[in-house]
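Engineer: From Swiss-Prot, for reference:
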- 85, 86, 190, 213, 214, 215: pyridoxal 5'-phosphate binding site (BINDING)
- 216: N6-(pyridoxal phosphate)lysine (MOD_RES)
């Protein structure tokens, strides 16, 4: 089946167990797929948009209620839909950072966090990670003191990853927030890999701003995401327009400046909303998903020379492995070179690991079943033994 001239249909999740690091949490639910068909036309949610003409006030489909439910789900006061987590970072930086302001990020901050600071003409300062690839409160405090001493300014904002994209490690956001707040620095918690995957309580984390990704972790079409904040900061980050045309005298009602007015006007918002009941249920099952990924990692570690670079035992399904001393030794003489591993996995119905990777690579097992976890674990061992690697199972 083709989707149009030259566009093949995509069947990766129908034909394979997909371990792609960034795709696992964004697989659509059946309800979201129905929403894609029903609301695929451009401004499809605008059929019943009436005064004050803003997305978060639309009652049919129930987007106004969805905005309130999202805020409650995250234990924050106000939430808005945004076109991906990056637009949440951008909105907060635009509201909080002035030219020349120092801004704290971490050694594992996503590039879009840096770009949001750059666009606001702030200056980026990174908090280093420790040897375990964790951002610690002590490191944050030391970096804050250093930045204040060298710039003469208190950082305008601190970005913290709840789970980072490089190692899939959980960082002590609550403790980091306490450190930042001692210096009156507001905190943006990046929950791109957690919101929609596991329970996230923004106020318990001490987050002033909480950003999530719909298409990465909330079973939603791309680009979609959420930006939530507390009542303390809502008026600032969701400020309404005050501009006026000098010739026409036009004004623009209650459009929010950092949101650029309405954000997700069609299939993205309804797809995200359609998946939401499923998302609320699945975050309660995250512990089982962690058990499954640990089964896979345990199996990989029986292959001599294999190391896990993420914290272990795993606390999240996104995982970074180092097989330089195992699978990469095979790649040096194999006729398929580094592609032998992903080729062998694909023959077994497993996809998603970067083709050619036999040294350092990531996978994300979120959404698999217990049986699939056992199958993946056994597949890695079978491939290793077939290629002459020693396994201690």
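Just so it is clear, glycine is given a Cβ too, placed from its N, Cα and C backbone atoms.
Have a look at these and tell me how they're positioned relative to everything else.
Structural biologist: Residue 215 (pyridoxal 5'-phosphate binding site) falls within a helix when secondary structure is assigned with DSSP. Non-local neighbourhood of residue 215 (pyridoxal 5'-phosphate binding site): 26, 84, 221, 222, 223, 224, 225, each in the same chain, at least six residues away, with C-beta under 8 Å from its C-beta.
With a cut-off of 8 Å between CB atoms and residues at least 6 apart in sequence, the same chain places 22, 25, 26, 85, 192, 193 near residue 216 (N6-(pyridoxal phosphate)lysine), listed in sequence order.
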Engineer: Rank the binding-site residues 85, 86, 213, 214 by how many other Cβ atoms lie within 10 Å of each Cβ and give me the one with the fewest.
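Structural biologist: So among 85, 86, 213, 214, the binding-site residues given, the one with the fewest Cβ atoms within 10 Å is 86.
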Engineer: Excluding near sequence neighbours, so keeping only residues 6 or more apart in the same chain, what lies with its CB under 8 A of residue 190 (pyridoxal 5'-phosphate binding site)?
Structural biologist: 85, 89, 109, 110, 113, 159, 160, 161, 162, 211
